[in-house]
Structures are given as structure tokens and as C-alpha cells.
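Colleague: A single structure is presented below for examination.
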Amino acid sequence: MARAIEVAGLTKRYGEKVVLDGVDLDVGSGTVCALLGPNGAGKTTAVRILTTLVRPDAGRVQVAGIDVVRHPRAVRRRIGLIGQQPAVDDVLAARQNLVLFARLHHLGRRDAGVRADELLEQVGLADVGDKPVREFSGGMRRRLDIAAGLVLAPEVLFLDEPTTGLDPAGRRDVWEAVRALVAGGTSVLLTTQYLEEAEQLADDVCVLDGGRVVARGTPGELTAAIGGDRLELVVSDPGRAEEAARLAERAAASARVATATGPGERVVVPVTRRHGVVGTVVRALDEAGIAVDDVVLRPTTLDEAYLRITGRDDERTEVPA
Amino acid sequence: MTALHATPAEPGTVGRFRWAVADALAVAGRDVAHWRRRPAAVLVGALFPVLLLLMFTYLLGGGMVVPGGGDYRDFLVPGMLALAMVFGVEATMTAVVTDTARGITDRFRSLPMAPSAVVAGRCLADMASSVVGLVVLVVAALALGWRPDGLVPALAAVGLLLLLRLAFLWMGIYLGLLARDPSAVMAVQILVWPFAFLSNAFVAASSMPGWLATVAEWNPVAGTVTAVRELFGAPVDSGGGWATDHALLLAVAWPVLLTAVFAVLSVRRFQGLSR
């Protein structure tokens, strides 16, 4: 099957600063890829190059099978871009915005109107289409922004931190809109700061740090790669959290990962086996007279995997990769 | 939805030009829609030069001496018309910097539209709003009893004024692309005043101390002001130097030069957005 995005050796410098340092990226047709990374990792620059807004210094970049440097306009006809902030006109009504963007996609006057109504329907703004955008909430604005990125039903959709600054309801709205598009065959590249978002939406995750790809795979593969599960304990006496962590570690026999965190009364211990570990740890704590309010054995979250991969966790020792 | 899924075919050269025109009109149409939604904003912009006209005519006019004797109002109207064109730089700059800051410029750039339309649409919209501004100011002047000297010279004067607006329009586009933040417009709003006063718009350049008179005479607005005065049959600052004697030449040369310089700078700046 054709690739939605194919990037090889993508490099971009601003003066001395190397923003993207030989990035390779592959996004299959009809899939969702999440680009993760700390601020300044190069996510937005990558999106701006893929959407023809910025020219790369080196590397091969193809979107929908077309070279972005040689045929930017052909690429523009096949993509939708939803940037970090809603790029819609505040003064105009929602429908006027969509008609304008449809006209700029060279739809005729009548088709533009029809398309605008379809899009309003699609993102659930049909009943407020004639209201000026400045009266919209953040979530509504975002939905309109997404609609504006969908005028020609793009083959590849780019979303740069689409839910930053949205409340949970607004975030859910955006996720639903993205899922509906993917179901319709659109390929998506999204950048996000929220690991939950990547877990919810992405087939594949690509972690950028310092302009390089430091990890890639499915969310499951990334969490599996850094290993195992986590045992989470809530101890009654916060003063004994440190001691509880040490005991739990020993009892869980997670000898090769001697790490534990104990902020407040919550203790998180990495475990390398699941079987019997809860009972062993609880017994050990019970013998030491440490009261336990809650115990959960859970898989490592993508959050933890991400923090470990980018070296931004505050755990005290290294995990052998 | 399925019917529109197909992308329109890439056109040939003629079709491309037609798209470029259609795109520019669509972008300009956005401004027209703004005016319809916010008529008050347009009115305030158009009435500000009227307010200045009233203030200078009735509050300061009594103390003004017009070169060669004559009505200060007749001397002032051409100056105000030219300054109204200069003030347009603020509106243009505000529009450009706001679109860039809000990501609308990038949205346009990510669309398959003609890249030239972003700027061409701005030009069309701002020229149209300047025509409205001129009409409002002329009507106000007529109400004050001012009369132009015949229709044909008056139309020529309007042509010179719009040419001046074009120059300041391109300056506004360049400044708007240069600024990263809408608050930068403030600086221009302040600087436009010394620029306006250091010209022959309000008083004759010959009434200023020697070197200031020369600066005022060579102010890019001065040629237009004097030429428009001549075309309207208003009193002219006749005691000036070479610049005053060749006002018509300067009224064409200055705007053409400024337009050329700022158009080139703007296009380079616009292309630089993709660097």
C-alpha cells in the first residue's frame, strides 16, 4: 500500500542550531502516527516542512507520494493542516470562514456553500454556522479549525497539538472528529504533548528529541521496550513511604531495576513479573507494620515510557535498555 | 462529500491566472465581509481624518497664515486627503501582522491557492477602503464649503492620492510582515505624527526654519500635497525650492519609488517565511 508520508534524512538548521537532524519517518496510508517529544524537539518544524510551509535543508520528503519541495502546490491540494492555534477569522461567521477556504480551494460559489454546510454538519456546528467565531468557545473554535482543514477531504491530515488548551470535553470532540476521519480513510500525523492522546489515537508513535528520532513503534511496543509493569501502593503514613518502597522492591524481587518513587504516600515500584507479586509485597509490608490503603498492579504507561526514553524522568537509576 | 473528494485538476497558464485573480478577490472579499459585520470600525477609521479636518479648520485655522493669502480650509483639505492616505499604513500593517500572528497567513500558505493572492487581496481590500475614506473626507470638506476646481483635475488629484496610498500600502505590508507582534503597530501609530507634521500638509514648508523646510519639501507626501493643491486650485506654497516647483513629478516619482522598494522587500520577506 502507498505511504502517506515518507521522510528520509530530513535536516533543518536555523543558523547554528540543528532543529531536525536526519529524521526518518514513515506513515502508512490510513494510519495515525503521533509525533511526541519535549518542547523544542522539532515537532512543529517537521510538520511545517511536511505541509510545505518551510523548505528543508536536506533529505527527501514525500507526502501522498509527492515531493514537497518540487511540487508544493500538488501537495497542498492533498493535505489539511490544523496548526497549534485555530487559524480562523474571528470576525466572520463560521460558515463564512468555510466558504472562504472552500473558494480558495477553487470550488465554485455554489459548491463552496454546499461544502461549508456539510463540514459544519460533520463537526457539529450546523446550528451555530451563522454566529461570528469570536462568540465560540475554545472547543467550538477548534472544531471549526478542523473543518477548515478538511475542505477537500484531504488524503493526509496534519494536526499540530490539536487539543492544547482545550477542556476535556473539547478534547474528546477533537478525538472523535479524528477517529471519524481515519475511519473514512484519511491518514493522520499529529503532534502532541499528551501521551494519553497518542495512546487514544495513534497506531504508531515516533518520539523526537533534539531533532532526532529516539524511539518509534506502537504504543504497546514502546511501553514493552522499557519493561514490565508497575506496582502502585498507597501507604497510610507518608513518613514511611521511603521504607515501604525499599521493602516492596526487595519483596517484588525486581533486583535488576532498583528504582522506586515515593512522593507523598504513593509508592511506585517497577516489577518484572506479575505472578504472586502483590501478595508477596503486601505481606512484607504487613510484617514491617506499614499499613497499605490501596494496591494496584498495572502496565507501564506510555507516560512513563516516554519520560524514560527522553531521559526526563526523575527516577534515580538507569534502566538497562 | 464523495462528489467533492476529487481535487480540481491543475490548470494551464491562463487558468492559473484566472485562479490568481479569483483567489485575490476571495481574500479581498473577506475584508468586505468584515466591514459588513463591523461597520463601526470602518466608520471610526474614515471619520478620524474628518475630525482632524474640523480641528485644524476651526481650532487652529484662525491662527494660520496661508502663503499668498487665501482660505486655510482650501489649503488644508489637500493636505488632509494626502495624510489620510498615509494613515492607511497603520490599517494595512495591523491587518497583515494580525493575520500572521493568528496563523491565518500560514493557513493561506498551506492552501492550493495562488501565493500572490494573499498580498494582492490585501491590496484590493485596502485600496477599496481608502476610496471609501476619500469619499467620506471629500463629502465632509464639501459640507464645510470647500469646492474643487473642476471635475477632471479633481479626478487627477484622486489618482495621485490613490497612488500615494499604494506606496504606503506596500510599506504597511512590509512592516506587517516584519513585525512579529500586533503591538508593534503602536510604534508606527506614534511615528506617523512627526512624519505628518514634518511636511507641507498643515503649514507651508517655507514657514519653517531653513533646513527643516528642505526636509518638509522632500517629504514623500509633500509632492502629492502640492500637486493636489494645484489641481484643486488651492493656495500653493510658492516660496519653496526645486521640490515645490516640480511637485507633480515628485507626486508620481516618490510613490512609484516607495512602491517598488517595499514591494520587492515584501515579496522577499514573504518568501522568507518558508526559510
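A Cβ is built for glycine as well, from the same backbone N, Cα and C atoms used for every other residue.
Pasting the relevant annotations from TrEMBL:
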{"type": "DOMAIN", "residues": "B:40-273", "note": "domain 'ABC transmembrane type-2'"}
{"type": "TRANSMEM", "residues": "B:40-60", "note": "transmembrane segment"}
{"type": "TRANSMEM", "residues": "B:80-98", "note": "transmembrane segment"}
{"type": "TRANSMEM", "residues": "B:119-146", "note": "transmembrane segment"}
{"type": "TRANSMEM", "residues": "B:152-178", "note": "transmembrane segment"}
{"type": "TRANSMEM", "residues": "B:190-212", "note": "transmembrane segment"}
{"type": "TRANSMEM", "residues": "B:247-267", "note": "transmembrane segment"}
Colleague: Under an 8 Å Cβ to Cβ limit, what residues of the same chain, 6 or more beyond the ends of the transmembrane segment (B:152-178), are close to it?
Modeller: 78, 81-82, 85-86, 88-97, 100, 119, 122-123, 126-127, 130-131, 134, 184, 188, 220-221, 224, 227-228, 231-233, 251-252, 254-259, 262-263, 265-266, 269-270, 273
Colleague: For the transmembrane segment (B:119-146) and the transmembrane segment (B:80-98), does the number of C-beta pairs under 8 Å, pairs 6 or more apart in sequence, reach 3 or more?
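Modeller: Yes, the transmembrane segment (B:119-146) and the transmembrane segment (B:80-98) are in contact.
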Colleague: Restricting to the same chain and to residues at least six past its boundaries, which positions have a Cβ under 8 Å from a Cβ of the transmembrane segment (B:190-212)?
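Modeller: Non-local partners: 56, 64-67, 76, 79-80, 82-83, 86-87, 89-90, 219, 221-222, 225-226, 237, 239-240, 244.
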